[in-house]
Amino acid sequence: MEAEPPLYPVAGAAGPQGDEDRLGVPDGPEAPLDELVGAYPNYNEEEEERRYYRRKRLGVLKNVLAASAGGMLTYGVYLGLLQMQLILHYDETYREVKYGNMGLPDIDSKMLMGINVTPIAALLYTPVLIRFFGTKWMMFLAVGIYALFVSTNYWERYYTLVPSAVALGMAIVPLWASMGNYITRMAQKYYEYSHYKEQDEQGPQQRPPRGSHAPYLLVFQAIFYSFFHLSFACAQLPMIYFLNHYLYDLNHTLFNVQNCGTNSQGILLGFNKTVLRTLPRSRNLIVVESVLMAVAFLAMLLVLGLCGAAYRPTEEIDLRSVGWGNIFQLPFKHVRDFRLRHLVPFFIYSGFEVLFACTGLALGYGVCSVGLERLAYLLVAYSLGASASSALGLLGLWLPRPVPLVAGAGLHLLLTLSLFFWAPKPRTLQHIWILYTVAVLWGVGSALNKTGISTLLGILYEDKERQDFIFTIYHWWQAVAIFTVYLGSSLPMKAKLTVLLVTLVASAASYLWMEQKLRRGVVPRQPRIPRPQHKVRGYRYLEEDNSDESEAEGERGGCGGGGRGDCAEEEAPPAWPRPGPEPAVLYRRPCPYEQAQGGDGPEEQ
């Protein structure tokens, strides 16, 4: 009786065809070593490299879409909840029945103060927080604080609403500064992954050509602001599907309103104190707030799960290792850059125009004439116009750089001049089509403004060591503008339009002057970014300009790149007698930008 064959072939044993397998390769001890441990015979290194970088590029696109969707949901939930909350709390009957003598108007005023005043201090802590947590985790933390603000509305009391509003105010500038930095970094990474062959030829230490990532930055900023401006439409969903069913019509709410538009004073002077026909049930309010809370939680998950890191781990360490004192000071030192100084009026106008669209245009011209029940549709028209027009930022791929930004400013200039001479009559619907047209056109100008400024900052400041500082300065000035609008909310409409018009003309003129100086070849004066220092001896970093060093140590160390100057002229070493030729009286260290260009350009003229 024959023995049964083993279940598994024994290693090295002859197969059914002898010492060769079906491919004709010898098996057993005679098998060639290359066949066992060598490369896969059909392996194509170039094709695998192409597939690898294609996956990397798809990952960058996923990051951009996730960050954009997360920002849209976060801001939409915040605006929608705040709008619904303020309308409910404005109604006299709702306050008396639901909260009695709790002082809800006083709580609302302190809450708005916390949201608008707290960001004024953001320039002091935003760069430190972004460097400490990292860009992605700063975004996640800030979105979580927005979700915290939503959750406190389940129990509306002074000790819940006001502290959460202060925390929200602290998170506004870090959130949008890290978002702007994140989108810019994604454009740079997409360029690296698309031109990996050129990167290999140039070497890892060689920087890509200046402006090489600009086309991708234009596309990514257009995507981001398309999503961002949709947040204004998303914010109106609670109003459209819930609160509008409880509102009085315009004949009741506007009964005592006498002047609208350019003749109005403050915000809705004479507006009726009761705007709700019936009070919404508490259970329905809890359902709406739970939906908003779920959307805020979804935004947190999008940022946490789908957004990748903006920097490599070693880059994150380098960004933190320049010293926390330097990180704190660098936003202030960037004021010496004439490009930022010229763009500050545009930063301020960027905050003015968004607040004017939501308060001046929507309330002073819209609600004042066509009623509160049509507020949501006006803001939806503004949102859709701005979202669709964000794609116009792509015109920068073919047109000169100033064209989209100046075109948006010119459109807003024409609309502002038109609003100066228009005072719609209260309780009149014949001109509602004009309101919708103005809202859409204002959205077009807003889209060109936002995409143009963010793209311009990403192009002018390519160094990844500076981008968080630059976007912090941009959004801090926006917060200052919003705070100014909050302080001047009781001004006449003509005064608001005058301030808007003057700021717009000044910002456009200042920006064109900056472009003219750049065309003349004026070199901006940027502060030097200190080198990362990783080694620690005792309690001190081994910095080359150590504040604790003695004079002898300073003599031995020299100036070697870590000195005190910030791209400026410095005094020569002490002139005591030394052997050798006499040193020069003045010498100059080039800026990082000049070092990258390989030259010593002149100082700002």
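Note: Cβ is positioned from N, Cα and C throughout, glycine not excepted.
Summarising the annotation, TrEMBL assigns region 'Disordered' to 1-33 (among others).
The region 'Disordered' annotation in TrEMBL covers 524-605 (among others).
Counting same-chain residues at least six beyond the ends of the transmembrane segment (60-81), those with a Cβ under 8 angstroms from any Cβ of the stretch are 139, 143, 146, 149-150, 153, 168, 175, 179, 182-183, 186, 189-190, 193, 220, 223-224, 226-228, 230-239, 289, 292, 295-296, 298-300, 302-303, 306-308. According to TrEMBL, the feature transmembrane segment maps to 60-81 (among others).
Residues or ranges marked as transmembrane segment in TrEMBL: 111-130 (among others).
Annotation source TrEMBL lists transmembrane segment at 137-155 (among others). Within the chain carrying the transmembrane segment (137-155), a Cβ under 8 angstroms from the stretch's Cβ atoms is held by residues 67, 70, 74, 77-78, 81, 85, 129-130, 161, 164-165, 167-168, 170-172, 174-175, 178-179, 182, 286, 289, 292-293, 296-297, 299-300, 303-304, 307, all 6 or more beyond its ends.
Per TrEMBL, transmembrane segment is recorded for 161-183 (among others). The list of residues near the transmembrane segment (161-183) in space but at least 6 beyond its ends in sequence, with Cβ under 8 angstroms from a Cβ of it, reads 63-64, 67, 71, 74, 78, 107, 110-112, 114-119, 121-123, 125-126, 129-130, 135-136, 138-139, 141-143, 145-146, 148-149, 151-153, 217, 220-221, 224, 307, 310, 454, 457-458, 467-468, 471-472, 474-476, 478-479.
According to TrEMBL, the feature transmembrane segment maps to 216-243 (among others).
Per TrEMBL, the feature transmembrane segment maps to 285-311 (among others). Within its own chain, the transmembrane segment (285-311) is flanked in space by residues 59-60, 62-63, 65-67, 69-71, 73-74, 76-77, 80-81, 84, 134-136, 139-140, 143-144, 146-147, 150-151, 153-154, 181-182, 185-186, 238, 242, 319, 464, which lie at least six positions past its ends and keep a Cβ under 8 Å from the stretch.
As annotated by TrEMBL, transmembrane segment applies to 343-363 (among others). Remote same-chain residues near the transmembrane segment (343-363) are listed as 232, 267-268, 375, 378-379, 382, 405, 409, 412, 419, 438-439, 442-443, 445-446, 449-450, 453, 456-457, 473-474, 477-482, 484-485, 489, 493, 496-497, 499-500, 503-504, 506-508, 510-511, 514 (criterion: CB distance under 8 Å, separation of at least six residues from the stretch ends).
Feature annotation from TrEMBL assigns transmembrane segment to 375-398 (among others).
Here the transmembrane segment (405-423) has Cβ contacts under 8 Å with residues 259-264, 346, 349, 353, 361, 365, 434, 438, 441-442, 444-449, 452-453, 456, 494, 497, 500-501, 504-505, 507-508, 511-512 of the same chain, all six or more residues outside its ends. TrEMBL lists 405-423 (among others) with the feature transmembrane segment.
Same-chain residues lying 6+ beyond the ends of the transmembrane segment (429-448) with a Cβ under 8 Å from its Cβ atoms: 225, 229, 353-354, 357, 361-362, 365-366, 369-370, 374, 377-379, 381-390, 392-393, 404-405, 407-409, 411-412, 415, 418-419, 422. Look at TrEMBL and you will find 429-448 (among others) tagged as transmembrane segment.
Non-local neighbours of the transmembrane segment (469-489) in the same chain are 112-113, 116-117, 119-120, 122-123, 126-127, 130, 172-173, 176-178, 180-181, 184, 266-267, 330-331, 334, 340, 343-344, 347-352, 354-356, 359, 453-454, 457, 461, 495-496, 499; each lies 6+ residues outside the stretch with a CB under 8 Å from one of its CB atoms. Taken from TrEMBL, the feature transmembrane segment applies to 469-489 (among others).
Taken from TrEMBL, the feature transmembrane segment applies to 495-514 (among others).
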